[in-house]
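Going by TrEMBL, these are the annotated features:
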- CYS424: active site (ACT_SITE)
- 694-855: domain 'MOSC' (DOMAIN)
- LYS264: N6-(pyridoxal phosphate)lysine (MOD_RES)
Amino acid sequence: MACGAAERGPEPPAFQRHLEASTPRLAHGYGLRSMSALRDQEFGRLAGTVYLDHAGATLFPQSQLTNFTKDLMENVYGNPHSQNITSKLTHDTVEQVRYRILTHFHTTPEDYSVIFTAGCTAALRLVAEAFPWVAQSPENSGSHFCYLTDNHTSVVGMRKVAAAMSVTSTPVKPEDMWSAEGKDAGACDPDCQLPHLFCYPAQSNFSGTRYPLSWIEEVKSGWRSPVNAPGKWFVLLDAASYVSTSPLDLSAHQADFIPISFYKIFGLPTGLGALLVNKHVAPLLRKGYFGGGTAAAYLAGEDFYIPRSSVAERFEDGTISFLDVIALKHGFDALERLTGGMVNIQQHTFALVQYTHSALSSLHYPNGAPVVRIYSDSEFSSPDVQGPIINFNVLDDGGKIIGYSQVDKMASLYNIHLRTGCFCNLGACQRHLGLSEEMVKKHFQAGHVCGDDVDIIDGRPTGSVRISFGYMSTLEDAQAFLRFISAIYLHSPSGQPVPQASISDAGALTSKSDCHSPQEGSCTDPSVCNGSYPDTNIMDLHPSLSKASSIQQTPQDKAAGILNGDPGSHIVTNIYLYPIKSCAAFEVTKWPVGSQGLLYDRSWMVVNHNGICMSQKQEPRLCLIQPFIDLQQRIMVIKAEGMEPIQVPLEEDGEQTQICQSRVCADRVNTYDCGENVSRWLSKFFGRLCHLIKQSPHFQRNARKTPRKGQPPGTAVALSLVNEAQYLLVNTSSILELQWRLNASDEHGKEESFSMKDLISRFRANIITKGARAFEEEKWDEISIGSLHFQVLGPCHRCQMICIDQQTGQRNQDVFQTLSESRGRKVNFGVYLMHSSLDLSSPHFLSVGSEVLPVLKDCGVS
């Protein structure tokens, strides 16, 4: 089944009954406006997409952007620090937005000031640096900085500033804060004015738990104390996550500091936040650095500086992002016009999360085991205790956690966008997942860092999965997510044993007469499909384009037929290079080897109008672009259906090319543009502006993983535009086992069976071998192919690209799902190779039919 957004499929009877019973209780839209109309008119770009990461960033409506753009086109906004008419317009508009923000939070300029910052994190740093800390000394115990462990990283990071000022920092667990009622009230000495700061989130960005706003007054009054310390407590309420879907009344809950980020509420502008400061606290704040616009008077020649009287002007160093501030006006307008306000948004999003939580909790395997483990401190009973966030991990039917990375990859196949990891809230992550400090340190030593896809270490999860709803989320979004979980984890194969692929099986594999198109795409050349194998001299390293095409059209049976050995021989059966990254393969029988791998393998890539590399994950039709290399004429010919072929020289005149920079897998690479002609060709094919760029021959990209043997210490290994290593090898027996599992599934009809040609093309390997047992390649330490020696770097961790049919560009999630289920939820397939030593003083070639000699890890020759 090709998949875009999660499609409606068969559902367990119990799950279907839950949907029918729960649906009538949900709110559908805002007043007279239906959610379908809202989505169609304002969020048409979400068609076919299920976006469930609103806690990360919500989305802006079309009318908000249109009206903001219209505003900019019709008005001239100057620098607010100038005195001209356009600057006065800017100043007045900004001040009006400040008032709008205070009104939104039910307060006034008499009680709070709005300081614009670069985001919530910048607001938190401002508090840390300006708070009137008192250092610990023999005369007093000093100030205390206390923070709930269920806080964002940016709150926890404030302790570094506090430490620099000799202030004690104390993490407070939620359960300890709950039990702190009145027990330290006696510590409140009215004569002691030592300032202390307690920080907690109105809503956990990890679990959606909502902490009582009543804590604000309880802590300030001393009735609830984070620690036993005499002095005066101030409270910072991190409201960034909370106010994205709920109203906050500062007239009732007067925190001293409230940091917010506006993109969490409106979707844009990004990079703009604010710190709301209680007017009673503002005079206590201290400031060191002063920037433009903050001084009432100062001297350059001596230490004389008088700050402006306004709190906002005193702390807004330099020119604020005034156009972004003006954009907020249109954000408020759109939010109120489309929804009627935050109370309606709270009701709508809570109805969705309550329904989804109930349905998700009801999912069980046939043996009664739950499908998910939900991490929460509430029963999702009301919006007072729970926000529109569900944090969970998926379990298998034995109760073991399935890594979040695999869930994320599967979700993307259904075009479901969610968030995984620890969500910049390690304290909550540790608490809910049962991770001790020692475990976290051990995970780091094992190579896990925040934000990566290392999801399971020693059987323990390093993170989880989070979904979150926004004001434009719909019941259909929730049901699509639930169907995805149900379809993937309740419709798994029966688990019957798979026969071990023998060497003779692998040998028989190559005798099949599949039409093997060189581009692994649609077969357009009659000579490709007639099974012919031209009588060419494979020692000719400069074949003409027509001969090169014929060489690469070798079917697997012909590749095997060039050998006169027994079927158990361990040999190379196919060689592929991919001249243009993410485009179709170019198959050869013999090819030169260079310092970066196969000559011209992944030397080019297609980039979008912003210079960002395009891959099949974003643009599946890349697989339909068919490159051919003609070494003799020194050209690459690019073909695609419906397009005239176009030629690109293999090398450009270095003096005529302009070097530009791009990125591949977080690595900076120097490239040059291959010209307007091929850019127009690609742009026409994809229907949007594209460019073809090539790695500069004068730039060396070094591999992060290097061979352990054969290279002198400090030797750099060069890479082309590949993801991780110079070569990727796949074993046909491994493919055969996967094919058996796919075609044995009850869910597949005969018309959906996967051919070997199809599966080989999906894994986009450089070297295909036969003669080893299934997945034996993962036990290799090094191999020799002919005169070439390689270090095996480890398995290739597969992404969603293996779900793309390389002949049609259509997606099918079954390959990824079956591979994940059959390999213990780790989607590994094929191994990376790197030259262990390569003397380029003489030519080297990789050839079909070459003998493969692997060496097992710590064992010897296989």
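Each Cβ is built from the backbone N, Cα and C atoms, and glycine gets one as well.
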Whole-number Å value for how far CYS424 (active site) lies from the residue listed as 'N6-(pyridoxal phosphate)lysine' (Cα to Cα): 15
Cβ neighbours of the residue listed as 'active site' where a neighbour is any other Cβ within 10 Å: 19
PLDDT averaged over the residues of the domain 'MOSC' (694-855): 85
Cβ neighbour count (within 10 Å, all chains shown) around the residue listed as 'N6-(pyridoxal phosphate)lysine': 25
